[in-house]
Amino acid sequence: MLLLNIIVRYFFIMTIIELRKFIDFLIERDYLVWTPVKKDNFVNYERLNGSDNFQFIGEAPFYSFKNFLVPCEETLFNYKKDELTEIDNSKDQVIFGINPVDLKALVLLNHIFEKDPWYQGRMKKTLIIGQSLIPKEPEHNIFHYKYEEDVLEHLQFDIFIEVQKGVFNTKYFFYTGSEKGQKILDEYGYSEYENIQFAGPIKEEGQDKNMIKYRDSLKNNYKKELWEKDLGTKCIECGKCSAICPTCFCFDIKDQPDLKNGAGERKRTLSSCFYSDFSEISGKYKFLNNTAERIYFWYYHKFVKIPDEFSIPGCVGCGRCAKVCPVGINIFKVLSELDNNEESIQDTIS
Amino acid sequence: MKNQYKTQLVKILKIEEEGSESKLFTIKAPKDFKFKGGQFIQVSLPGFGEAPFSICSDPNQKKSFEICARKTGVLTSELHKIKKGESVGIRGPYGAPFPIKLVEKRDLLLVAGGLGIEPLRPIILEILNNRKKYQKVQLLYGACEEKDLLFSGEYEKWRSGLEFFLTLDKPKDISGNLPKKWKCQTGVVTDLFDRAKIYRNAVAFLCGPPVMYKFVIKKLKELEFKDEDIYLSLERRMHCGVGVCNHCAVGSFSVCKDGPVFSWERIKDIRGAI
Ligand SMILES: Cc1cc2nc3c(=O)[nH]c(=O)nc-3n(C[C@H](O)[C@H](O)[C@H](O)COP(=O)(O)OP(=O)(O)OC[C@H]3O[C@@H](n4cnc5c(N)ncnc54)[C@H](O)[C@@H]3O)c2cc1C
Ligand code: SF4
Ligand code: SF4
Ligand code: FES
């Protein structure tokens, strides 16, 4: 019976041709479909207008999905004199093919923006479609995550596609993680999916071991040399690492007046704790006074504050920050330094 | 879904000058508006942004509440141009208040530096209005100059119900004398610790700039105050006010949500907390 089941299932599993048909269906439904595309050796999200030649890319896209859900800049309200009118910026979109490493970042953003009407509005209209290929470059998976079926109940998605490479062809298993995901597959006329119930971000075996290790180190063992001599003198505070990081979400809220008198927009813009005015209050007084304090604050947020608040790591190890840093600061090396109990200071530059 | 960032328009009922650079705004309270001393609101002036202000009035007063704003920059300058009868947007109240329940049974030491008197005023007024409910209370308040003194019209009333010690950093006139009417001395607020006989086993509520905390906490520790009996209000840059934007982070806390009032016990080990 079980064998029969497996055989039957096997025949109904999608092939690449069927997967492309599903993509065409989404495009026809007027969704903006974003997916990682490789061009001239550069992988990045692009809008799909058709499914021709579509393949899942087993490499990390340069940018993550972050800005589809948390744009660099968005209008929250229009105002006229004293009146604020809430603006809805959401549109129907599909983020197609988020890898399991980046999906961990989505779990975090979902927590952070749990009560945020703009994020939630956008999520309502967004189909999150994950896929199982872990980035093959080790520097884009610094915590060595593996794809195993049991990670799915700790990730959030509408649909998740497991890519199974066979000898003759590749097959695609479908899982759903929400009613929205089931609905769209039902409408498409595909029913061979398995539904996964989200069991929260923390695995049965308990909190992430790396998270506990780095939290302890940052909290209880301040490495003066590392922060003040090494990183504090090398980082040029460009903020690129914040911009590219899928879990960096700190923001400003600012008003932008129109030319018309008394009207304008209240905007949210992604910010960075590397910018010198991040902590500034009136009288130019700052709480983060130098580069060392700022870069420590950045690491502390990811490896202590977020773990304390949500019991999950604030870094998924995608390695993007190391890739963009103009002075070569490499998070992997910084973390090994944190893990190193001797006060010896190695160069944390790659 | 409920929008946390949406402001409510409220009418300004009264505006008074407080000291030389501040104005006290009496604002009509929205329906069901309740707050406790130490909490703050975000004031919104479209075109000029939003900024946090401590609510500084008597929490028992239900129809209106007060904020006292010093003119220091873009938003506060605009706020100072507002006229009686006009409206501002607000959201809140936000944050954790001073634990006033705790001092129904214990003596209380209030220490304020500069604008730090603002979030402590609701505590003072609550105590004066329900004097029997509370124990012995001392207030040490230090300001820079005479012109910086806030709520000076109320000092006689304050003196009637609590031990009030006042000091100014800089004397006013050329002769170096302070006007007698303030019954105050020269020096910084920590100097008052030598004047006042501080009650042992009291709870301390502090509000002032970071330098004040360094010195006051040192004094309190000399007097054997326990870390969990010292409460202080932190100031940080704020944007969201609801624990998301991370501008106000102190260690693993967000000052807007977990604070602004913290016990020293909770934050003493955090680098850069004060
Ligand atoms: C919990 C809390 C309670 C406060 N209570 C009072 C009070 O009762 N009375 C009073 O006069 N002041 C109070 N302040 C300080 C007041 O918020 C600032 O003076 C005000 O934000 C200055 O705004 P501005 O636009 O006039 O100044 P600018 O210097 O022009 O400000 C420019 C930018 O800096 C930001 N900014 C500057 N200072 C602060 C600050 N301290 N906190 C947050 N953001 C800041 C603003 O968001 C603005 O975008 C309080 C601050 C906090 C954190
Ligand atoms: S901190 Fe660096 S490695 Fe970690 S999630 Fe952000 S970009 Fe990726
Ligand atoms: S990218 Fe590198 S130099 Fe730029 S802020 Fe980040 S750590 Fe500093
Ligand atoms: S003001 Fe945004 S987190 Fe506190």
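Every residue, even glycine, has its Cβ placed from backbone N, Cα and C.
Under the heading [2Fe-2S] cluster binding site, TrEMBL lists B:Cys240, B:Cys245, B:Cys248, B:Cys256. Taken residue by residue with DSSP, B:Cys240 ([2Fe-2S] cluster binding site) is part of neither helix nor strand, so it is coil.
Summarised as a single figure, the pLDDT of the domain 'FAD-binding FR-type' (B:5-100) averages 96. Annotated domain 'FAD-binding FR-type' per TrEMBL: B:5-100, in sequence order.
Around B:Cys248 ([2Fe-2S] cluster binding site), a 10 Å sphere centred on its CB holds 27 further CB atoms from the protein chains shown. When the domain 'FAD-binding FR-type' (B:5-100) is classified with DSSP, helix, strand and coil residues number 9 helix, 47 strand, 40 coil. Listed in chain order, the residues near the [2Fe-2S] cluster site other than B:Cys240, B:Cys245, B:Cys248, B:Cys256 are B:Met238, B:His239, B:Gly241, B:Val242, B:Gly243, B:Val244, B:Asn246, B:His247, B:Ser254, B:Val255, B:Lys257, each with its Cβ within 8 Å of the site Cβ centroid. Sequence-distant neighbours of B:Cys256 ([2Fe-2S] cluster binding site): residues of the same chain at least 6 apart with a C-beta under 8 Å from its C-beta are B:Pro52, B:Tyr94, B:Gly95, B:Arg236, B:Met238, B:Cys240, B:Gly241, B:Val242, B:Gly243, B:Cys248.
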